[in-house]
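Student: My questions all concern the structure below.
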Amino acid sequence: MGAAGSKLEKALGDQFPEGERYFGFENFGNTCYCNSVLQALYFCVPFREQLLEYYTSNKSVADAEENLMTCLADLFSQISSQKKKTGVIAPKRFVQRLKKQNELFRSYMHQDAHEFLNYLLNEVVDILEKEAKATKTEHETSSSSSPEKIANGLKVPQANGVVHKEPIVTWVHNIFQGILTNETRCLRCETVTARDETFLDLSLDIEQNSSITSCLKNFSSTETLHAEDKFFCDKCCSLQEAQKRMKIKKPPHILVIHLKRFKYIEQLGRYKKLSYRVVFPLELKLSNTVEPYADVEYSLFAVVVHVGSGPNHGHYVSLVKSHNHWLFFDDENVEMIEESAVQTFFGSSQEYSSNTDHGYILFYESLGPTK
């Protein structure tokens with residue numbers, strides 16, 4: 001990779017970003033699903049910064065227990081502290097830990113990059129929550145052995161001994177979490193019932209010759225609940241016809257969109273890859289949001305691409321935008337690409353096409369406030 005590395009340095013020349021590192025990852029037998037997602041996360045700057053901060057504050061703890069997050073922090077630190085600007089790194093410790101922890105990733109079979117991303121983010125959240133709880137328990141034990149709180153110098157007994165626990169919000173939530181609101185309107189009494197739910201990514205159904213904007217509109221389209229799908233209205237105290245729609249109540253800072261390219265075909269009894277052409281813009285305006293976030297804008301910075309004609313075989317690569325340059329990561333290989341090359345990964349407008357490189361997971365960063 002020395003030649004390829006020097007080629008990349010030559011291509012960037014004096015435009016090589018100060019302090020940045022572009023390293024390919026070694027493949028340990030079908031670990032491209034992991035490599036492509038890790039590259040996208042490394043170039044998700046807020047995620048990288050938090051992880052490096054975590055590494056710095058934890059490396060002094062001699063008896064720190066190894067977990068997936070410490071292995072990931074170690075890998076990111078290894079990349080960022082390289083003396084060389086380009087090269088190849090073997091994420092061996094991380095991959096070994098992943099396989100040890102989850103049997104799903106143990107085989108040499110083709111794995112799903114979206115499943116891996118989901119698992120990784122949820123695992124990091126679990127680790128951070130456990131650590132936050134342990135710190136809180138330690139703090140509470142040392143600060144007070146009495147179950148009573150002190151307010152203005154007076155002891156205030158807790159109501160019936162009930163402690164209201166606030167949910168722990170980690171930095172992963174601050175970066176990736178958004179809130180969806182599910183609105184259901186009873187067609188008899190017009191009462192609107194709203195139910196909120198959080199998300200770390202949005203999985204969108206796709207159609208041929210469509211765009212992310214139209215997929216998002218479909219995601220938020222109004223659905224009528226009738227016949228056996230009637231809605232139980234609390235006000236009418238009975239099953240009623242209703243209209244239901246999903247909107248984004250709070251958009252995340254980093255919006256991750258998963259395109260549902262693998263569809264189960266009943267007649268075939270198996271999954272099929274949808275190679276549909278779905279345009280994903282470099283700048284995205286969200287229109288299915290609730291005030292005050294109307295028309296919040298996002299900029300694309302990474303794409304995980306699935307290469308291949310079927311769901312059970314193929315390859316994953318990633319496209320990453322770093323300091324206004326677009327880079328193509330294919331395991332050990334890293335090269336510079338033109339921004340216009342991104343559109344070659346939209347998909348195919350014909351059913352059968354020689355182009356099998358399709359955008360699968362998209363990473364967008366908010367250009368405005370989402371807090």
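Numbers here mean position along the shown chain, with the first residue as 1.
Glycine residues also receive a Cβ, built from the backbone N, Cα and C atoms like all the rest.
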Student: Which one of 11-28, 83-100, 101-118, 353-370 shows up in Swiss-Prot as motif 'Bipartite nuclear localization signal'?
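Tutor: Of the candidate stretches, Swiss-Prot labels 83-100 as motif 'Bipartite nuclear localization signal'.
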Student: Could you tell me what the rest of the chain brings near the motif 'Bipartite nuclear localization signal' (83-100), counting residues at least six beyond its ends with Cβ under 8 Å?
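Tutor: Hits for the motif 'Bipartite nuclear localization signal' (83-100): 1-2, 4-6, 8-9, 16, 20-26, 28, 31, 34-35, 38, 66-68, 71-72, 74-75, 106, 332, 334.
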Student: Rounded to the nearest angstrom, how far is the Cα of Cys32 (active site, nucleophile) from the Cα of His315 (active site, proton acceptor)?
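Tutor: Roughly 6 Å, rounded to the nearest whole number.
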Student: Check His315 (active site, proton acceptor) against DSSP and tell me helix, strand or coil, would you?
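Tutor: In the DSSP reduction, His315 (active site, proton acceptor) maps to strand.
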Student: Under a three-state reading of DSSP, tell me whether Cys32 (active site, nucleophile) is helix, strand or coil.
Tutor: helix
Student: What mean pLDDT does the predicted model reach across the domain 'USP' (23-367)?
Tutor: 90
Student: Among the active-site residues Cys32, His315, which residue has its Cβ surrounded by the fewest other Cβ atoms within 10 Å?
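Tutor: Across Cys32, His315, these active-site residues, the one with fewest Cβ atoms within 10 Å is His315.
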